[in-house]
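As recorded in Swiss-Prot, the features of this protein are as follows:
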- GLY170, ASP171, ARG172, GLN173, THR174, GLY175, LYS176, THR177: ATP binding site (BINDING)
- SER363: site 'Required for activity' (SITE)
Amino acid sequence: MVTIQADEISNIIRERIEQYNREVKIVNTGTVLQVGDGIARIHGLDEVMAGELVEFEEGTIGIALNLESNNVGVVLMGDGLMIQEGSSVKATGRIAQIPVSEGYLGRVINALAKPIDGRGEISASESRLIESPAPGIISRRSVYEPLQTGLIAIDSMIPIGRGQRELIIGDRQTGKTAVATDTILNQKGQNVICVYVAIGQKASSVAQVVTTFQERGAMEYTIVVAETADSPATLQYLAPYTGAALAEYFMYRERHTSIIYDDPSKQAQAYRQMSLLLRRPPGREAYPGDVFYLHSRLLERAAKSSSRLGEGSMTALPIVETQSGDVSAYIPTNVISITDGQIFLSADLFNAGIRPAINVGISVSRVGSAAQIKAMKQVAGKSKLELAQFAELEAFAQFASDLDKATQNQLARGQRLRELLKQSQSAPLTVEEQIVTIYTGTNGYLDSLEIGQVKKFLVQLRTYLKTNKPQFQEIISSTKTFTEEAEALLKEAIQEQMERFLLQEQT
């Protein structure tokens, strides 16, 4: 028979009394009234904040978006198939935030900053709010440093500066993503961190972009945030803000970053879906009234930090798809009004074999030559005007039967200028190579060649200059100016290469 020892029992009771903690924990809970289509309506959750994360019984997380008098509208970050009517929900007291660290470089993640590339977890000690306020006026300075894209047409005539927001707009299949990916490839060795956000894209397209980055060694300074077409609308809506939070982390650490949103119109469609299901009143094209704010609060986060904050920068390149060239639709006009200029890609030019299919006439950068090095300004200053005059003359020449010699010469020069702007995909050029190309065209050195020979000659000239006149590149990179010495070296190289080229063509 077991003997009961009173002193042992009393000791245990005393210990328990001493360990007893009278802490009262208040949990804000609610009950699921209705769930479906990625939306849940919750009764209760009286003190929930707008945008607060809520947790369902079976582990799904949601965001409280609609705070109504008798229920709360929650959008789900998952399929929500296991959520049942009547199950409990608790408020977490947190606004959506993600972990941030250097460890994200070279990784492919989703909108919740979870890796989806099968390479294990990412360690991070800090976190940032997904939606943080944009820098104020005092925290910024004007854009003055160039962000080189490696594309002659952009860097010479529609320059992009670090901290600028430049829209890339055009119909489907006109090479918009190619312009953005070439820009990322060109940042190699430039100390710029790149973030590529794929919103509602095909998984195969995203995989292709990631493969290109890996093959070209661009993943070491790039983060890919991907929410493909089969992702829930909530995650497609959040993905751009996640990308912006990661880019901001580096910007506030005095680094230069570039972020590509591909594309915000898909984010707007996801937001429209969520809003309509939450029974928010529809506006133009059935978008909710705050769809402008959706994009403005995202793009305003791009900035050039003031010297007090370390002069970091975040350059935003949103990509918007138009329907048969209609830039007056709701989302394109909204994004055009928010950004500092746009690069317009034309389906007609693309089909005519002019690639990148940039319509230089209606593309514009509101930062302008402030985002160019002096050498580029010296060489490319007049090229946009010359091309515009050529386009006008070409349209007129279609109706004229006989043209005088001067007009014929101007047309021939224009055709060669247009030819030198053509570039293969994933073949960005350095600033020095671009200066060589533009100078050769604008100063008439290509006029004696056939149009079909222009590209071949320029490739050979750039190679010849690199091997035989390395001083040219040194002068441009050190002084950032097209000096008389540099011009003399270039003229010499053009003449020498032209003689070699013509002999080569004759044989």
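Any Cβ shown, glycine's included, is placed from N, Cα and C.
Non-local neighbourhood of GLY175 (ATP binding site): LEU345, PHE350, ARG355, PRO356, ALA357, GLN425, each in the same chain, at least six residues away, with C-beta under 8 Å from its C-beta. Of all the binding-site residues listed here (GLY170, ARG172, GLN173, LYS176, THR177), GLY170 has the Cα closest to the Cα of SER363 (site 'Required for activity'). In the three-state DSSP classification, ARG172 (ATP binding site) falls within coil.
Under the DSSP three-state reduction, SER363 (site 'Required for activity') is assigned to coil, being neither helix nor strand. The ATP site is defined by GLY170, ASP171, ARG172, GLN173, THR174, GLY175, LYS176, THR177, and by the 8 Å test on Cβ atoms against their centroid, the other residues of the chain that qualify are GLU321, LEU345, ALA347, PHE350, ALA357.
In this structure, SER363 is the one among the recorded positions GLY170, THR174, LYS176, SER363 with the smallest number of other Cβ atoms inside 10 Å of its Cβ.
Between the binding-site residues GLN173, THR177, THR177 has the most other Cβ atoms inside 10 Å of its own Cβ, all protein chains included. For ARG172 (ATP binding site), the count of additional Cβ atoms within 10 Å of its Cβ stands at 10 [all protein chains shown]. The Cβ of ASP171 (ATP binding site) has GLU321, THR322, GLN323, SER324, GLY325, LEU345, ALA347 as same-chain neighbours under 8 Å, each 6 or more residues away in sequence.
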